[in-house]
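Chemist: For reference, TrEMBL lists these features for the protein:
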- 17-35: transmembrane segment (TRANSMEM)
- 91-111: transmembrane segment (TRANSMEM)
- 162-187: transmembrane segment (TRANSMEM)
- 194-218: transmembrane segment (TRANSMEM)
- 224-248: transmembrane segment (TRANSMEM)
- 260-280: transmembrane segment (TRANSMEM)
- 286-308: transmembrane segment (TRANSMEM)
- 315-331: transmembrane segment (TRANSMEM)
- 361-378: transmembrane segment (TRANSMEM)
- 390-412: transmembrane segment (TRANSMEM)
Amino acid sequence: MLSSNSHIFSRLFRSESLYFVLAFALRAFLSFVGLGDRLENRVEIATPFNSWKRVKEGVALKNAGISPYEGDTVHCNPILLLFFETLTRRGIVITQVVFFMADLLAAHFLAKAVVAFHREELAKEKEAKSSYAKDVEPLLLEGSDSRRIGRIVLITYLFNPLAVLSSVAMTLTTFGNFNIILALFLSISGSKKLCFVVLAFATVTDVYPAVFIVPMLVSMYTEGMLAVALSGLTYIFSTIAFIYFSYIAASDWSFLSNTFGSLFMLSDLTPNIGLFWYYFAETFEHYRLFFLCIFHLSFLTYALPISFCLRDDRFTACFFMLFVIALFKSYPSVCDAAVYSSLLPAFSHLFYYVRYGLPVTCTIVTCSVLSSIMWHLWIEQGSANANFFFAVTLAYAVAQIFLMTGLFYAYVRRRFHLKHGMKMLIDGEEAIPILD
């Protein structure tokens, strides 16, 4: 009887279609009870650049014959705005279904990408095994884990609260995450030209995915400069083409100032969980341009070091770039963490060396609770001020930094132990490697 029950549970665990049905039902139920309307107004989830409410306003202005880019309300790309204009004519239910399906497809491609990544890592370890130390068997990946880890990542994304909230609130982050995941899948599966086309579209609609071009091009150094140049040109020409299509959809170039311009110049200082809004609300106007350059350059400075350090492992490099995007976006939301948090099981082989796991987890959970409380005290009751809310967002950013650096340290230390062995002795005592 026990073996029969365990066999049933094993089959249920392997039934991916069941997870898709449950994930869709969960999103549909939360939307049905009206949670989406409440989430639309949460600053942790909706920002000026991903808010569905602003998209609806843009569609209404367009239908009224007014350019949605005349004011400073609509920041949605014209291609997406045209898509949503067509979609909303079919009714709110169809629109919600499209958001849910985009999220489910993202989970599917993410799981496939993880399986391909795991098999690629297995092949690398098999090829380099002769150069590894003798006592590193516990550190090596297992071939039977590929599909299991892919399934765990699938479940993690489908039921990740951040992904669920994003799709229920109908934020544009749902489609942004889908574009990023599709680009990662195409890259790891070998469809590189199509990957750069998808990446170009993601860049035109969100800008920040452009940073993935660095690790992807750097990882192609073994294929020769011609392959790198052709891929780079594919990305550049695709980006130009999508910008031109945006011009056709908008009928003029006014969208540039409300999309790229507002993103870089930070024209809307609506509070969010990021670091930009508070600083630029306090800074003097004549220093504004200088600090804008500093903040945006700080985002770019991480791309090259991470890409060159992980030039033989583009998927891992892109994984760390997801952290950088979530940290240094002008208008971030908690939904930006949905992809990298769902990918954590794919890097379970690093958990042995990860530091500060418990404090980081507790900090993120605490910030998730306190952000709503501090916002209520500040905006609704007036018994607090912006410092209270910003302190929570700052703690959340620090927790993400510690999580990223902890995983990066674990990656480097595991690579070190694979070559030099798990136990190193100095004067008869076990040595502990220190990362300088």
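The first residue you see is number 1, and the count goes up from there.
Cβ atoms here come from the backbone N, Cα and C positions, even for glycine.
Describe the structural context of each listed feature in the structure shown, including burial, neighbouring residues and relevant distances.
Modeler: Here the transmembrane segment (162-187) has Cβ contacts under 8 Å with residues 23, 26-27, 30-31, 35-36, 39-40, 42, 45-46, 49-52, 55, 76, 80, 95-96, 99-100, 102-103, 105-107, 109-110, 112-113, 116, 194-195, 198-199, 201-202, 205-206, 209, 212, 216, 314-315, 318, 322, 333-339, 341-342 of the same chain, all six or more residues outside its ends.
Away from its own ends, the transmembrane segment (194-218) comes close to residues 49, 77, 79-80, 172, 175-176, 179-180, 182-184, 186-187, 228, 231-232, 234-235, 238-239, 241-243, 246, 260, 263, 299-300, 303-304, 306-308, 310-311, 314, 317-318, 321, 324-325, 329 of its chain (Cβ-Cβ under 8 Å, at least six residues beyond either end).
Within its own chain, the transmembrane segment (260-280) is flanked in space by residues 43-44, 47-49, 72, 75, 207, 288, 291-292, 295-296, 327-334, 371, 375, 386, 389-390, 393-394, 396-397, which lie at least six positions past its ends and keep a Cβ under 8 Å from the stretch.
If you look at the transmembrane segment (390-412), the same-chain residues 6 or more away from its ends with a CB under 8 A from one of its CBs are 272-275, 278, 310, 316, 320, 323-324, 326-327, 337, 347, 350-357, 359-360, 363-364, 366-367, 370-371, 374, 435.
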